[in-house]
Amino acid sequence: MEELGVKRRIVLVPVPAQGHVTPIMQLGKALYSKGFSITVVLTQYNRVSSSKDFSDFHFLTIPGSLTESDLKNLGPFKFLFKLNQICEASFKQCIGQLLQEQGNDIACVVYDEYMYFSQAAVKEFQLPSVLFSTTSATAFVCRSVLSRVNAESFLLDMKDPKVSDKEFPGLHPLRYKDLPTSAFGPLESILKVYSETVNIRTASAVIINSTSCLESSSLAWLQKQLQVPVYPIGPLHIAASAPSSLLEEDRSCLEWLNKQKIGSVIYISLGSLALMETKDMLEMAWGLRNSNQPFLWVIRPGSIPGSEWTESLPEEFSRLVSERGYIVKWAPQIEVLRHPAVGGFWSHCGWNSTLESIGEGVPMICRPFTGDQKVNARYLERVWRIGVQLEGELDKGTVERAVERLIMDEEGAEMRKRVINLKEKLQASVKSRGSSFSSLDNFVNSLKMMNFM
């Protein structure tokens, strides 16, 4: 990296949410290993701690940014719009101060696509900027397509039950109802977000936490449409592991797993944002119990409306779960998926969880909640054929059957073979001369060109 001269610092700007923080910190680890200094610019909400895992990183907090109470009061979309409004000026000050203190050493600013306030600062200081997408390439394609649809016509289509089950033109095998809309706000708001992020996009390049062995056609579409270099350098959790959980992990579950039979356990975790009604949790508990399979269940505090944790659930729930299950508030997910006792993963299908499950060779039960999770679930079931998707209302019979299909049936055995094959391809992609390894090297070389042209 000596040839980079003094421009050896990369500034990272993450969205303050678990699913966005984790991959951008992994990206930071990967770039640090290439000889760059890393500065992470955070908001006051969900700040990453400067732990031993990131002791070589420099952390800055944008003054006056929003807090957790603002998120609760505004909701996710208004929060995001306001965050971009109020952070623009303070981020400019932050970058200006960095340039002054560090001797003009910034090679580029890498920002999460939803933190588009970064663009004003990089334009003012004439810095290279790189957009980082934490979702699949296919979900990125969907957002790009949706940013250009006729909003009025699309809203009518989405409200028509006859249309929602139809395949969306040009996005096979995705249906209208699989598109990345949100459970956290009206469709109009999500379309506005997509429009804002696309219209303001002036980045010199795009980094995606994916790999060509999973999404070659979507990556090719993006490379053609975006007209800037696209670098698929994932899966980052394999290429550059970097623990960055915003919740405390309960490691006692690993001891419980040690007592279970190989490939027998269903691991259930619905991510850091999904909410569940009591009736759905009871149907899950009954179905899991009736499947006669042991299960490890992550129930996140606050995920049950009106309850801090599980205390508001009926006694029947605790009895059902205690017979063959184990509940924790949060788990060390990659270690759990890697454990030989785990035979399946019931997931919300967030992109990080999807990559982690494939990366450990674990087939999935898919229950998407919002956004790009629906895209991922459809691909898991129909394209990669390593998942069983649960659609519609949950009932114990459907749950029991899904577990049986995954753990006991020949269908599940075939899924396991396919996911192990994908696991091997993912691992190969991040090794020397693999596609993602080479893509990261190409990105580093492009930074040299950005700073010496």
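In case you wondered, yes, glycine gets a Cβ from its N, Cα and C as well.
Listed in Swiss-Prot for this protein:
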type	residues	note
BINDING	S272, 331-333, 348-356, 370-373	UDP-alpha-D-glucose binding site
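Sequence-distant contacts of D372 (UDP-alpha-D-glucose binding site), defined by Cβ-Cβ distance under 8 angstroms and a gap of at least six in the same chain, are T135, S136, A139, C142, P180, G350, W351.
For S272 (UDP-alpha-D-glucose binding site), the number of other Cβ atoms no farther than 10 Å from its own Cβ, over all displayed protein chains, is 22. The local packing around S353 (UDP-alpha-D-glucose binding site), expressed as other Cβ atoms within 10 Å of its Cβ over all shown chains, amounts to 23.
Its own atom aside, the Cβ of Q333 (UDP-alpha-D-glucose binding site) has 23 Cβ atoms within 10 angstroms in the protein chains shown. Here the Cβ of E356 (UDP-alpha-D-glucose binding site) has 22 other Cβ atoms within 10 Å, regardless of which shown protein chain they belong to.
Cβ-based neighbour count (10 Å, all protein chains) for G350 (UDP-alpha-D-glucose binding site) stands at 27.
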